[in-house]
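Database features (TrEMBL):
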type: TRANSMEM; residues: 21-44; note: transmembrane segment
type: TRANSMEM; residues: 64-87; note: transmembrane segment
type: TRANSMEM; residues: 107-128; note: transmembrane segment
type: TRANSMEM; residues: 158-180; note: transmembrane segment
type: TRANSMEM; residues: 192-215; note: transmembrane segment
type: TRANSMEM; residues: 235-257; note: transmembrane segment
type: REGION; residues: 262-289; note: region 'Disordered'
């Protein structure tokens, strides 16, 4: 029986590897488009008014959830064949901890994801009809709302920092658990993984937008805050998702997932993004989402 995968550093040669560079560029484009759509939806949905002239919270919540879920599902499908369709530094972190991507390639992905998110949010900031609406999609909790006067994805006044942090851990755990169950596990329905991932993002938004704005993605949060300048409690949107992703990835990988098949075992179903430059042919699916 083949051994379980584990954390590996990789080689600095990956920084010159053509497939790795292409993968990083795919992640850059994925986050650029995702942040453009998701932040744009927060801004535009603020113009939805009810009969009294106030912002229609229910309509805005559904619009935000749909935009985030559809955008991430589409971008995962679009980039899966090139990069694995991570579109999230927390997902890349989970892949790193479980040995499905090297540290060197993770660094390339993280840089590309963060820069792409900044560009995407910057594009919508440049064309937004009302830049103050929704705080450019900045994720904030109650203390920041009270201090800054920003209406950012509707966090309630009773939400505290600890509650916000725990919420981000939980919803990111759910997201990464679904990713492992649909896209990573060779027994899972990989053909519909982008759809399942998008639906998970949508569902988590319906639950968590009133609490934290439902980030689950440090790059998504960082790209928006660079342009809005609302940095209060921003650490929550890094530590929470990274911790949630780590717990989910390690749990599924080392508790629920069967060991990689031996070379003589029947070939598994083709995964979303086979890695072509790993020395072990049994790890061809090591980098998919």
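Glycine is treated like the rest: Cβ placed from N, Cα and C.
What TrEMBL says about a protein is an automatic prediction, not a curated fact.
Only pairs six or more apart in sequence are counted, and the transmembrane segment (192-215) with the transmembrane segment (64-87) gives three or more Cβ pairs under 8 Å, enough to call it a contact. Beyond the ends of the transmembrane segment (64-87), by six or more residues, the same chain brings 22-24, 26-27, 29-31, 33-34, 37-38, 40-42, 45, 95, 101, 109, 113, 153, 183, 193-195, 197-203, 205-206, 209, 214, 217, 272-273, 275, 287-289 to within a C-beta distance below 8 angstroms of the stretch. Counting same-chain residues at least six beyond the ends of the transmembrane segment (107-128), those with a Cβ under 8 angstroms from any Cβ of the stretch are 14-15, 20-21, 23-25, 27-36, 39-40, 43, 83, 86-89, 92, 101, 136-137, 219-220, 222-224, 226-227.
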